[in-house]
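Encoded as structure tokens, the structure appears first; notes follow it.
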Amino acid sequence: MLEANTPAPDFKLNSTPDQKLALSDLQGQKVILAFYPADWSPVCGDQMVLYNETSKLFSKHNAQVIGISVDSKWSHLAFSQDRNLHFPLLADFEPKGEVARQYGVYDEETGEAKRALFVIDEQGVIQWSYLSPAGINPGANGILDALEEMDKKTA
Amino acid sequence: MSNQLKPAVDGHDHSQGPRSAPLELVEYGDYQCSYCGEAYPEVKAARQALGDKLRFVFRNFPLTEAHPHAQQAALAAEAAARQGKFWEMHDALYEHQDQLDSAGLQQHAQQLELDMDQFQSDLKSSAVTEKVEADFESGVRSGVNGTPAFFVNGELYQGNWQDGELTRFLQSQLQ
């Protein structure tokens, strides 16, 4: 798993059926990259629903949250509509799990991404990362603590 | 990551039971969340079983995107608090989770004999909104990841709360 002070590998993945989003598109703001195993599984639902609510707290730190799993763009579309999500879900679908592998968080046994968080700074460098047990929703407090630390350093 | 209650319970919180009680139970809840509805009688049972050994505090954690009435219901409870009837409204909301639209909230307020003009203006006031937002943010900072979430003496309770488990856990903490 990639650690702090590592440049975040760039990627370009579908965020909707007809749009792609690259990490480099988001330079100049902080990015919270939330890898999760799958759409629709009960715990992940909670985690993405929580980030939907906390994105207003993230935006106070000029940070954008992005969910990423190996699900297809069509599954993401349906999941996003069902949960009324207001942030992008990226489809790490083809080649499957390629981005999760680059970040060192692909689970070979389940064929899904592990539940891992990365906070990336305005220059595209990872400043904080955290691996959560697959069944446990890591919440948002670790992310907010990391964002606060980063703001302190630049202040 | 720490899962400690932040900030600690203070004068801004709504509480039941003595301040000096050896056990302090804090719930982060959403009035439209069905699990919170199931937790409501569990908390009542715990309060009854533990009597003055337990202080109970409720903080708002409305998941507004998932539950369209959650925010208004939280505001209604806080607006009722301004007239000294937080717990009465809290109970009414959990006892009638199918009546959380604005007509339902009005009706609860009338039944509690609130000053309706005051209630309406408090519902829209920034002080009431800020209280709900501050509760939500404190929950996030404390590691709340869904509702209901319980803290016992400041520590996130990871155990089961159904079927009397919460009461049994609290009782075990007294020994």
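Glycine is treated like the rest: Cβ placed from N, Cα and C.
Residues or ranges marked as domain 'Thioredoxin' by TrEMBL: B:1-175.
Residues or ranges marked as region 'Disordered' in TrEMBL: B:1-20. Within its own chain, the region 'Disordered' (B:1-20) is flanked in space by residues 26, 47, 52, 54-59, 81, 86-87, 90, 131, 134, 138, 141-143, 151, 154-156, which lie at least six positions past its ends and keep a Cβ under 8 Å from the stretch.
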Q. Can you tell me how the residues of the region 'Disordered' (B:1-20) break down into helix, strand and coil by DSSP?
A. 0 helix, 4 strand, 16 coil
